[in-house]
Amino acid sequence: MDNQTKKQKQTEATENPSIYSLQLDEMKEWLVEKGEKPFRVKQIFEWLYEKRVTSFEDMTNLSKKLREQLAQSFSLTTLKTVIQQTSNDGTMKFLFELQDGYTIETVLMRHEYGNSICVTTQVGCRIGCTFCASTLGGLKRNLEAGEIVAQVVKVQQALDETNERVSSVVIMGIGEPFDNYGEMLSFLKIINHDLGLNIGARHITVSTSGIIPKIYQFADEQMQINFAVSLHAPNTEIRSKLMPINRAYKLPDLMKSIEYYINKTGRRVTFEYGLFGGVNDQVEHAEELAKLIGHIKCHVNLIPVNYVPERNYVRTPKDQIFLFAQTLKDKGVNVTIRREQGHDIDAACGQLRAKERQDETR
Ligand code: SAH
């Protein structure tokens, strides 16, 4: 441990709230309470999000007293990188340890159009989709906004070494973002703010398994961010088998809430549709799906199922995937097939899991 880190450890109590949870206004209020000038907030945000320092000590244009006060009140190191792996295709997977010892995963995907980070919003998940690894151990706890923001900062710090940038964010890691709605929204505001990470709304996507009341609430926020729904089935029967949440939030009601969102925001919706061999991947399913969503302003993203050892789903053969996509196209539905990335490091959709502290070295 170098001297600087030692010093920081002495002054920064680990149970302090994450400084990354604070909106600009909240930071300003805190400064005024301490008798500081409000303009300091800009300096602090620059240190956090532009220069991305790892210690309050490094905020050298602030007085020593203010730096100490910050260190006494907040934490700058809520995430510790336990594992960082890079796949053959450049995809990176990070295992981060939280202050209470739980671990979460974050993925960085490299595309032609830029680098996209997939962030986690909960330790585990309680939605119970029958094909997904993230839900196997249930939900442990929600992440705080700052713990979600810190994932982006940490990954950006790793990319700083090669002069690359995180250019887009997908909220598609572990957890159901709409089950942690308030913190997710704070996270969105911080990364979107021009003094925060300044990531444009159109470069951010949130995906939900279909928590209907939150879809209405989200529509009313009128944010310009991209919205995706994990549909995975053309009818109630199949959806309930794949996703138990469909019993509480029924498909016809889900479709109504999505139409409300589209009317309210004028934006289109992306439907994620995982192809599970023999379950939902036949031509008749594609035809039924086209009937269900054909009249809606949308786009379908087909995801070939990713292998999860605890689950029994089999992959749909490539030809069948193309036939499924073509059937949708013929009915006038926009469709793409998701490019697969990060397979060799278990970083693909549905393979992320919150590990218990003791199996971190697995
Ligand atoms: N809870 C949110 C965010 C997760 S996004 C949601 O459900 O939308 C991750 C996407 O990967 C979701 O569409 C999810 O249903 C899908 N997924 C999960 N497990 C998968 C698997 N084994 N194979 C392919 N896709 C999977």
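In case you wondered, yes, glycine gets a Cβ from its N, Cα and C as well.
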According to TrEMBL, Gly175, Glu176, Ser230, Leu231, His232, Asn306 bind S-adenosyl-L-methionine; which one of Ser116, Ser207, Ser257 is annotated to that same site? Ser207
Row Glu176 (S-adenosyl-L-methionine binding site), column other C-beta within 10 angstroms, all chains, value 27
Mean pLDDT, the domain 'Radical SAM core' (111-344)? 96
Within the same chain, and leaving aside Cys125, Cys129, Cys132, name every residue whose CB is within 8 angstroms of the centroid of the CB atoms belonging to the recorded [4Fe-4S] cluster site, in sequence order. Ile127, Gly128, Phe131, Ala133, Ser134, Thr135, Glu176, Ser209, Gly350
Quick check for you: of the recorded positions Glu105, Glu176, Leu231, His232, Asn306, Cys349, which have their Cα within 10 Å of the Cα of Cys132 ([4Fe-4S] cluster binding site)? Asn306, Cys349
Applying a 10 Å Cβ distance cut-off over all chains shown, what neighbour count does Cys129 ([4Fe-4S] cluster binding site) have? 21
Using a Cβ cut-off under 8 Å and a sequence separation of 6 or more, which residues in the same chain sit near Ser230 (S-adenosyl-L-methionine binding site)? Cys129, Ser207, Thr208, Ser209, Gly210, Met243, Glu272, Gly274
Candidates near ligand 1 among the recorded positions Glu105, Glu176, Ser207, Ser230, Leu231, Asn306, judged by a Cβ under 6 angstroms: Glu176, Ser207, Ser230, Asn306
